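Peer 1: One structure follows; several queries about it will come next.
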Amino acid sequence: MANWTALLPANMLPDDANPEWMSKADNSWQLTAATLVGLQSVPGLIILYGGAVKKKWAVNSAFMALYAFACVLVCWVCWGYRLSFGDQLVPIWGKINVALSRHYLLEKAFLGLFPNATMVFFQFVFAAITLILIAGAVLGRMNFYAWMLFVPLWLTFSYTIGAYTIWSSNGWLSTAGMIDYSGGYVIHLSSGVAGFTAAYWVGPRLTKDRERFPPNNILLMLAGAGLLWMGWTGFNGGDPYAANIDASLAVLNTHVCAATSLLTWLILDLLFFGKPSVIGAVQGMITGLVCITPAAGVVQGWAAIIMGVCSGSIPWFTMMVVHKKSELLQKVDDTMAVFHTHAVAGCLGGVLTGLFANPKLCNLFYGKYGKYVGLFYGLQMGAYHNGFRQVGLQLVGVAFVVAVNIVMTTLICFVVKLIVPLRMTEEDMEIGDQAAHGEDAYAIWGQGERSENSRFSTYNDVETGSSKARGQVEMT
């Protein structure tokens, strides 16, 4: 043991559980950040989806998110993590292997001063939320059995390719110098394109559901949105893999951009529709969070404001104007507008990163000064080639992610369709949760009677459907 350890207090001395290479502070922050991101999905998006959909779809929508979270974790430790961050098989994919052995999990991670176990968990919550975001595009009609197959297949053959290519230290776009600070490409652009593609193949909801699909609980939806927003502290703050100043900057930029985007969307709603829409404000919040994600720790605060204005206006325009004029966008039933909030906003954030990336901040994050230069700084410094190269790489990243997700999502939908139907029957879609799961989100109806077709309708009742029995129960 080195002599310097004699100067440390007893609780800081290295031992088998605290090796010399591990930083307790970084490890603690990384586990906290991972938990914050996990809370965005469970219960964040569970609550948001459950409240934002029509009452008859509340259980199904929430359960699609819960199932995806659990399924992804098992697939992740068995093969997904090593495909995404393991040894290279090809420049866009790792070698398949497990992340379960004590020897592997307690080794130092490929980046950061913490063990593989921490990194596996941290990267898992990002993979999980990507699948849950895809679910938002197909709510209200996708066969749950098809979803059960879709999740592991898409994780394996689409997500891992994007993660390895862009985030792995050996990936093609990673080594080329493309910037995706925390998932604007790997998570948001991917989920937006994959969700839109899956929605195309699954087909639309019932006509009456498309025409009228009111949220069953806006306050519940807002609670889920709040968890999503606050959880983004871990989403972007955890990606330096250290409790350092870059993490602090990333967190502040994240919330500044989200707030600016929300206000921009709100102002546009007021100007053009005359009323401040709560749902619109949530959409603006989400587009701001998505847009800043690829740039959070590599841009200055003024750039975060500009990105917020862009993310609150450009996706608003594509959703409110372009969508209504495009035959393709009208044809594809994207329930939660994932294409606009994630694909458009993610693409926008990636391109703006290529413009605003600050070389000094990039050096804090990547440790390679001069390789990552936003176009505006390149022009200012006279490094024109580097600036245009950065924008070019960001655009190549967009093309790659879009192509991979259209192709792989289409193939996966065809494979799933060979096994089970992609969508529920018309009759089951008329019923909703009861047909899919035999359960209702809200058990009490009308004047206090229980839903007669609920599997739980006989609990505490002497005779199902008997008012006499109900009266006897109430008296006792």
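Don't overthink the numbers, they just go from 1 along the chain as shown.
Placed from the backbone N, Cα and C atoms, the Cβ positions cover glycine too.
Pulled the feature table from TrEMBL, pasting it below:
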DOMAIN    29-442  domain 'Ammonium transporter AmtB-like'
REGION    455-476  region 'Disordered'
TRANSMEM  29-50  transmembrane segment
TRANSMEM  62-82  transmembrane segment
TRANSMEM  120-139  transmembrane segment
TRANSMEM  146-165  transmembrane segment
TRANSMEM  185-203  transmembrane segment
TRANSMEM  215-232  transmembrane segment
TRANSMEM  286-317  transmembrane segment
TRANSMEM  337-357  transmembrane segment
TRANSMEM  369-387  transmembrane segment
TRANSMEM  393-420  transmembrane segment
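For the listed features, I'd like the structural context: burial, neighbours, distances.
Peer 2: Summarised as a single figure, the pLDDT of the domain 'Ammonium transporter AmtB-like' (29-442) averages 96.
The list of residues near the transmembrane segment (29-50) in space but at least 6 beyond its ends in sequence, with Cβ under 8 angstroms from a Cβ of it, reads 58-59, 61-62, 64-66, 69, 112, 114, 118-119, 121-122, 124-126, 128-129, 132-133, 135-136, 139, 216-217, 220-221, 223-225, 227-228, 230-235, 237-238, 241-243, 247, 336, 441.
Within its own chain, the transmembrane segment (120-139) has Cβ neighbours under 8 Å at 30-31, 33-34, 37-38, 40-41, 45, 49, 53, 57, 60-61, 64-65, 68-69, 72-73, 76-77, 80-81, 84-85, 99, 105, 147, 151, 154-155, 159, 163, 183, 186-188, 190-192, 194-196, 198-199, 202, 235, 238, 334-336, 338-339, 342, counting only residues six or more beyond its boundaries.
Cβ atoms under 8 Å from those of the transmembrane segment (185-203) belong to residues 126, 129-131, 133-138, 141-142, 146, 150, 154, 158-159, 162-163, 166-167, 178, 290, 293-294, 331-335, 338-347, 349-350, 397-398, 401-402, 404-406, 408-410, 413-414, 417, 422-423 of the same chain, restricted to positions at least 6 beyond its ends.
Long-range contacts of the transmembrane segment (337-357) within the same chain: residues 133-134, 136-137, 179-181, 184-185, 187-193, 195-196, 283, 286-288, 290-295, 298-300, 303, 306-307, 310-311, 314-315, 318-319, 323, 329, 372-377, 390-395, 397-398, each at least 6 residues beyond the stretch ends and with a Cβ under 8 Å from a Cβ of the stretch.
Remote same-chain residues near the transmembrane segment (393-420) are listed as 143, 145-146, 149-150, 153-154, 157-158, 161-162, 165-166, 173, 176-180, 185-186, 189-190, 193-194, 197-198, 201-202, 347, 350-351, 353-354 (criterion: CB distance under 8 Å, separation of at least six residues from the stretch ends).
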Peer 1: Can you name the far-off residues of the same chain, 6+ from the ends of the transmembrane segment (286-317), with a Cβ under 8 Å from a Cβ of it?
Peer 2: 179-185, 187-188, 225, 228-229, 232, 235-236, 239-240, 246-247, 249-254, 256-265, 268, 340-342, 344-346, 348-350, 352-353, 356-358, 361-362, 364-365, 372, 374
